[in-house]
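Annotated features, as they stand in Swiss-Prot:
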{"type": "DOMAIN", "residues": "3-53", "note": "domain 'Kazal-like'"}
{"type": "DISULFID", "residues": "5-35", "note": "disulfide bond"}
{"type": "DISULFID", "residues": "13-32", "note": "disulfide bond"}
{"type": "DISULFID", "residues": "21-53", "note": "disulfide bond"}
{"type": "CARBOHYD", "residues": "42", "note": "N-linked glycosylation site"}
């Protein structure tokens, strides 16, 4: 399972709630929040699955 984060980071994310679960076992509210965290982690954070952790 993967997410294309090539257009991130973005300065602001919408409040849209479409949860994704990161490899850090944290539920991110949407792809934007998740991708910003991926960029911040220098690519060490990956997608575990779609939906809550």
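Using the three backbone atoms N, Cα and C, a Cβ is placed for every residue, glycine included.
Mapped onto this structure are the features recorded in Swiss-Prot.
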{"residue": "5", "record": "disulfide bond", "contacts (Cβ under 8 Å, 6+ apart)": "34, 35, 38, 39"}
{"residue": "13", "record": "disulfide bond", "contacts (Cβ under 8 Å, 6+ apart)": "29, 30, 32, 33, 36"}
{"residue": "21", "record": "disulfide bond", "contacts (Cβ under 8 Å, 6+ apart)": "27, 28, 47, 48, 49, 50, 51, 52, 53"}
{"residue": "42", "record": "N-linked glycosylation site", "contacts (Cβ under 8 Å, 6+ apart)": "none"}
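Neighbour density around each Cβ, counted as other Cβ atoms within 10 Å, peaks among the disulfide-bonded residues 32, 53 at 32. For the domain 'Kazal-like' (3-53), the model's pLDDT averages out at 96. Around the Cβ of residue 35 (disulfide bond), 23 further Cβ atoms fall within 10 Å across all displayed protein chains.
In terms of DSSP secondary structure, the domain 'Kazal-like' (3-53) contains 10 helix, 9 strand, 32 coil.
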